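Contents: one structure, followed by commentary.
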Amino acid sequence: MTPGSGSGPMKDCEYSQISTHSSSSPMESPHKKKKPAPKRKWEVFPGRNKFFCNGRIMMARQTGVFYLTLVLILVTSGLFFAFDCPYLSENITPAIPAIGGILFFFVMGTLLRTSFSDPGVLPRATPDEAADLERQIDIANGSSSGGYRPPPRTKEVIINGQTVKLKYCFTCKIFRPPRASHCSLCDNCVERFDHHCPWVGNCVGKRNYRFFYMFILSLSFLTVFIFAFVITHVILRSQQTGFLNALKDSPASVLEAVVCFFSVWSIVGLSGFHTYLISSNQTTNEDIKGSWSNKRGKENYNPYSYGNIFTNCCAALCGPLSPSLIDRRGFIQPDTPQLAGPSNGITMYGATQSQSNMCDQDQCIQSTKFVLQAAATPLLQSEPSITSEELPLPGKTTISGPCATLTLGQPTPPSSMPNLTSDSGLTDMIPLKEEHEGHQFLTPEEAPSPPGMLPSGSPIIHSHTMHVLSLASQDSLHEDSVRGLVKLSSV
Amino acid sequence: MATEVHSLQELRRSASLATKVFVQRDYSDGTTCQFQTKFPPELESRIERQLFEETVKTLNSFYAEAEKIGGSSYLEGCLACATAYFIFLCMETHYEKVLKKISKYIQEQNEKIYAPRGLLLTDPLERGMRVIEISIYEDRCSSGSSSSGSSSSSSGGGGGGAGGR
């Protein structure tokens, strides 16, 4: 830029002289540091949600049915205001379109509020928290070496005299608070989870339940209102001009009547159901599962209910509105670590299918990983007896050995090892299968870095067992690994 | 144990993060936001039991105040409902006001009590109201104590696991 000149002040003078003739950009560019634009937290949100307006609006991924809801409401109300209201306001009273208008705005306001707001999503645990929880689970479990006992994935709390089980969420790495549930469609844990409503395009949870209830209540009033006044309109017209002529004069009324007739049953029914839920302070989830019903036992009662209907209603509808916990529009701080992927720290907890039936996909992921770990782990523990006894597995050792050394640069506790090797080892397993003859010579040299992983005696065993390894076991090995790959890719 | 007084900024610059302690939620009262007052054993040598319990109890009382269902919250709720919830665009809810008070209180506690002892409280709001995270700092210049020794293995294990991915 500037011609070579020794002294500092001279350089500056020359530089400023140049800048007066040319545009200002050359002067700014050395001062302007090119920083990547700071990202907002919604851009890296781990759940399956869609965000609009720079994080202000939050919806589920599938929004097709929501647009259908919008279209139905807008078209029906639009037709009502355009075709029925002029006649009704002239012949009966102009209060009809006014009340209709108020109802319509209330319906739209509550619908948009329900659809666009955060239902009460619980942010996933930070890596430190998840590690601390697992440590506590380890302590509660007793010794963690070698055993694949299912860890206690539930905690029991006593709330108002009733025993409530808190389940551990594998995706979010937290013990879910009472009444929270993991929505598989949105892949989030939601507080006071009611249900996932496709009509609204969002989950219904603690933060938007009152909007949802107001929406369906006002929509049922609007539907009944429109239906009633469309019928009135047709009847009044048919008194003057006959029924068929009346229908011909206002064909829109027919469409409105049909839509309203079919909607009324479902919407009024839903309002009634949710009124019952609110008055007994239950969620749809709890009601469907019968968590607090008397059928489970005489001692079973709802510990969250306040005792009387009025208080329950007031608490649900007029209680304090808690703020969003996910801070969608906040900027990511460079020093805070972002949440790790689901495989970090899973170790041996992918085990059993027993208790939690919430996260189906997570169970699939965990069980697949467990299969891989179970296959890979016995080899990596320093027990030479295993390698000689189990024939099909030693074939894997030579393959996963170099993988182990490649993926880890530093010694790590054995429990976290199998996870990493199985993840990387699986993808490497098939292409490396043809090359395992060569690898058995590599392993003694590369083995020393992870301590206790491949005992010094094992390479000798491997070279023997490699020849012993039959074609059949190799095929089954290949099949298993392919099956595992297919499972992983499908999930 | 060194009992030097550090300011918050000095703490961050001169000390290194040794370990973190998490105070979990107490659900025995239902879904209201309360934290366990049980004293974590890792803080045994760092802070007096009374001070810690007082902090947690004060926080619990703040959260109870925020979630209180009573006259004023009903009024706010009914007013919001009557305006189709548009009033939330201009007005701050009672809960948000209390949360601001809480963050001020935590900052104050950090400056007066926790930072001089090499500890740092994180606002539970930043952790999804799940935990109160207490970061324990060790002086870089001090000789390795037993807690830093055990913490380095755990943080090393966690770091190794993350690094290997």
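Cβ from N, Cα, C; glycine included.
TrEMBL entries are annotated by machine, without manual review.
Features of the protein shown, as given by TrEMBL:
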REGION    A:1-40  region 'Disordered'
COMPBIAS  A:19-28  compositional bias 'Low complexity'
TRANSMEM  A:65-83  transmembrane segment
TRANSMEM  A:95-112  transmembrane segment
DOMAIN    A:165-289  domain 'Palmitoyltransferase DHHC'
TRANSMEM  A:211-235  transmembrane segment
TRANSMEM  A:255-279  transmembrane segment
Distant-in-sequence neighbours of the transmembrane segment (A:255-279), which means Cβ under 8 A and at least six residues beyond its ends: 72, 76, 79-80, 84, 212-213, 216-217, 219-220, 223-224, 226-227, 230-231, 234, 287, 309, 312-313, 316-317
Average model confidence [pLDDT] within the domain 'Palmitoyltransferase DHHC' (A:165-289): 91
Helix-strand-coil residue split for the domain 'Palmitoyltransferase DHHC' (A:165-289), DSSP-based: 75 helix, 19 strand, 31 coil
